[in-house]
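Participant: This structure is in C-alpha cells; I'll ask about it shortly.
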Amino acid sequence: MPELPEVEVVRRGVARWVVGRTVSSARFLHPRVTRRHVAGPDDAGARTRGLVVADAVRRGKYLWLPLATPDGRAEEAMVVHLGMSGQLLVEAADAPEEKHLRAVWTFDDGGEDLRFVDQRTFGGIAVVPLVATPDGGPGGLGETPDGSWSGSMPAPVAHIARDPLDPAFDDAVFARRLRERTTGLKRALLDQTLVSGVGNIYADEALWRAKLHYARPTRSVTPAQAAALLAGLREVMTAALDAGGTSFDSLYVNVNGASGYFDRSLAVYGQEGRPCPRCGALVRRDAFMNRSSFSCPVCQPVPRSPHW
C-alpha cells in the first residue's frame, strides 16, 4: 500500500495538472469505485460537476481535492483512496483507455482528463463535507495555505494525526503521546491516530536509522530517542520523495505513469540476508502483524522486555 511519499508524489502531480480547472463530467466505470460514497455514483458525479478543483491536499496517506464554487468557497472535497493499487493519471482525452480504468473526470478547458486506474479495486472516491480541523491548524499540506478550505479537512479523515513532514506537526506532543502508549514501537508508528503516513516500509527504515528495535516498549523511549526516530522518518521520507517514491512493481506511479526508484536505496526493508549498510551484520526478517519486519541484529538489538 502506498505510504506518505508515494501519495505526496501523486498530490504534487495533481496540483500541477488539475488544480484550478473546472470539472465538466465524471464517469465511473466500476461499482466499487464509489462504494465509500453512500449516495452512489450519480450523486458523486453531480457533486463535482461545475466545481473548481481548488487544491490538492494531503495528510499522511490521505489525499483530497477541495471543490470550490466560482466565488472560491469550498464546503466539500473529493477524497481519493488509492488503496493497494490505485493510480491517478493525467491523460489526453483521446488516449486509449487503460485495462483497469475505473473513473474519468473531464474539464471544461478541453485539456487532459484525470483518470483513476485500480487493478485490485480496493481504492475509490467519495465526495464528503469539509469540517474544521480539531487543532485549528491547516488540514494538511496543499498548494494554497490561505484558501478558505485550508483550516478544514474531510469529515472521515478528521481522526487522522498529522504526519512528520507537516509543518504543524508537534514533536513534543508526539514524544509524550508515544510514551503514554503500552505497545511496541513499530505498532505505535503504524497507528495513524498517533502519526500518519507511516507504513511498513518507512517504519523499518526509520527504526534502522534511529537504531531502535521495532519491539521496544513505547514507555521506555526517551525524548532523545523519539527525536532520533522523527529525524529518521523525515530523512527517509524526504529521500523517497526525491526519488519519486518506492515502487516494487508497476502499481505505484506518478500522474504521468512513471515509477519511483527509492527501492534501490532501502537499508533493511526487503533486504533479508544482506549486509547492514552500517555494520555489515546480516539483515533479519521477523513475522510481524501478518507482514514482516526487517532489522539489523547488531544496530537494533532486541530490548530486555520486548513488546511483540
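Placed from the backbone N, Cα and C atoms, the Cβ positions cover glycine too.
Pulled these features from Swiss-Prot for this protein:
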| type | residues | note |
| --- | --- | --- |
| ACT_SITE | Pro2 | active site, schiff-base intermediate with DNA |
| ACT_SITE | Glu3 | active site, proton donor |
| ACT_SITE | Lys61 | active site, proton donor |
| ACT_SITE | Arg291 | active site, proton donor |
| BINDING | His100, Arg120, Arg181 | DNA binding site |
| ZN_FING | 267-301 | zinc finger |
Participant: According to DSSP, collapsed to three classes, what secondary structure does the residue listed as 'active site, schiff-base intermediate with DNA' have?
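Facilitator: It is coil.
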Participant: Would you list the DSSP helix, strand and coil counts for the residues of the zinc finger (267-301)?
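Facilitator: Reading the DSSP string over the zinc finger (267-301) gives 0 helix, 12 strand, 23 coil.
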Participant: For a quick check of packing: other C-beta atoms within 10 Å of the C-beta of Arg291 (active site, proton donor), how many?
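Facilitator: Around the Cβ of Arg291 (active site, proton donor), 9 other Cβ atoms lie within 10 Å.
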Participant: Could you measure between the residue listed as 'active site, schiff-base intermediate with DNA' and Lys61 (active site, proton donor) for me? Cα positions, answer in whole angstrom.
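Facilitator: Each residue's Cα considered, the residue listed as 'active site, schiff-base intermediate with DNA' and Lys61 (active site, proton donor) end up 7 Å apart.
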Participant: Return only the integer: C-alpha distance in Å from Arg181 (DNA binding site) to Arg291 (active site, proton donor).
Facilitator: 22
Participant: Suppose we draw a 10 Å sphere around the Cβ of the residue listed as 'active site, schiff-base intermediate with DNA'. How many other Cβ atoms does it contain, all chains included?
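Facilitator: Its Cβ shell of radius 10 Å holds 27 other Cβ atoms.
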Participant: Nearest to Glu3 (active site, proton donor) in three-dimensional space, by Cα, is which of the recorded positions Lys61, His100, Arg120, Arg291?
Facilitator: Lys61
Participant: On the 0 to 100 scale, where does the mean pLDDT of the zinc finger (267-301) fall?
Facilitator: 97
Participant: Quick one, of the recorded positions Lys61, His100, Arg120, Arg181, which Cβ has the fewest other Cβ within 10 Å?
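Facilitator: Among the recorded positions Lys61, His100, Arg120, Arg181, the lowest count of other Cβ atoms within 10 Å belongs to Arg120.
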